[in-house]
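Chemist: According to TrEMBL, the protein carries these features:
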REGION    1-24  region 'Disordered'
DOMAIN    54-81  domain 'C2H2-type'
DOMAIN    82-109  domain 'C2H2-type'
DOMAIN    110-137  domain 'C2H2-type'
DOMAIN    138-165  domain 'C2H2-type'
DOMAIN    166-193  domain 'C2H2-type'
DOMAIN    194-221  domain 'C2H2-type'
DOMAIN    222-249  domain 'C2H2-type'
DOMAIN    250-277  domain 'C2H2-type'
DOMAIN    278-305  domain 'C2H2-type'
Amino acid sequence: MESMSKPRSIDDCNITQPVPASKDEPVVIPVEKTSTTMKQARRRQRIDSGNRSLTCDQCGKAFTRNSSLKIHQLVHTGIKPFSCDQCGRAFTQSSSLKKHQLIHTGFKPFSCDLCGMSFSDNGKLKRHQLVHTGIKPFSCDQCGQAFTHNSKLKKHQLIHTGLKAFSCDQCGMSFTVNGNLKQHQLAHTGFKPFSCDQCDRAFTQSGSLKKHQLIHTGFKPFRCDQCGRAFTQSGSLKRHQLIHTGLKAFSCDQCGKTFTENGNLKQHRLAHTGFKPFSCDQCDRAFTQSGSLKKHQLIHTGLKPFICDQCGKS
């Protein structure tokens, strides 16, 4: 009688089970070695080996797979080999690019049941829903401002350092993070790839489009407790509330003029640079802000929508 054959590994044969030595033993059907069975076997081997944790030596983040660790480490190198052919935005992973490209298709299957705002992926919907809960677990230890996400807190904390290492080579405006500089530079190109499907407004950033789209829903959950005015975003409410305090915390370092909002200060600073990127296509006048250009263009249309209720002059 022959002895039982020794089990062979998944890499050197097409059989993963031993052949029975006698008729009393159950018959084991040979398993053909395919790519699917090989992957399943290797996955089981990883689990059996204790699911060893692999750690990134730069940030300490842990992974169960070496391939996942390698993909993650691209974040630290700054290499982004996957670029969007519509807006130029680049990513470290092809999956991130695919998610991003849904923005350009306009396909948003995930909708918020509270405000109706829709998103291209479920993760963004879940992050958005934190706005409605009011939960902001990440607080700044210098000013107390709270955020729904840790990444937003980290970006905010750069404000307190005063460091603005990223400068625009066209207007000299500087920023604390490179991402904000890149977003700003789109204003100089005039390229606005994100369009509202309900009106004709277009934006340089998808985030700006999402904020704008709340206007069309009419949903304004954030109300001022002093005057009753309501807003679509908590940030807009906070900026508005500064009007009631009279506090103007943002000062121009060139002329001393103060503002309640940092955004207004940034717009004001353009006046000192002399840079006027918004030009009228009917005359030679140029402006530092797009809003000022739009107001000016009403002159050429002859439209006078504002009428005095005492004399009727428009």
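Cβ from N, Cα, C; glycine included.
No curator has checked TrEMBL annotations; they are predicted automatically.
Let's see these features in context: how buried, what's close, how far.
Modeler: This prediction places the mean pLDDT of the domain 'C2H2-type' (54-81) at 84.
A Cβ distance under 8 Å defines the sequence-distant neighbours of the domain 'C2H2-type' (82-109), meaning residues of its chain 6+ beyond its ends; these are 71, 74-75, 118-121, 191, 193-194, 197, 206.
Non-local neighbours of the domain 'C2H2-type' (194-221) in the same chain are 103, 106, 114-117, 132, 183, 186-187, 230-233; each lies 6+ residues outside the stretch with a CB under 8 Å from one of its CB atoms.
Across the domain 'C2H2-type' (222-249), DSSP helix (H, G, I), strand (E, B) and coil residues number 12 helix, 4 strand, 12 coil.
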Chemist: Taking residues 6+ outside the domain 'C2H2-type' (110-137), which of them lie with a CB under 8 Å of any CB in it?
Modeler: 99, 102-103, 146-149, 210, 213-214, 217, 219, 221, 233-234
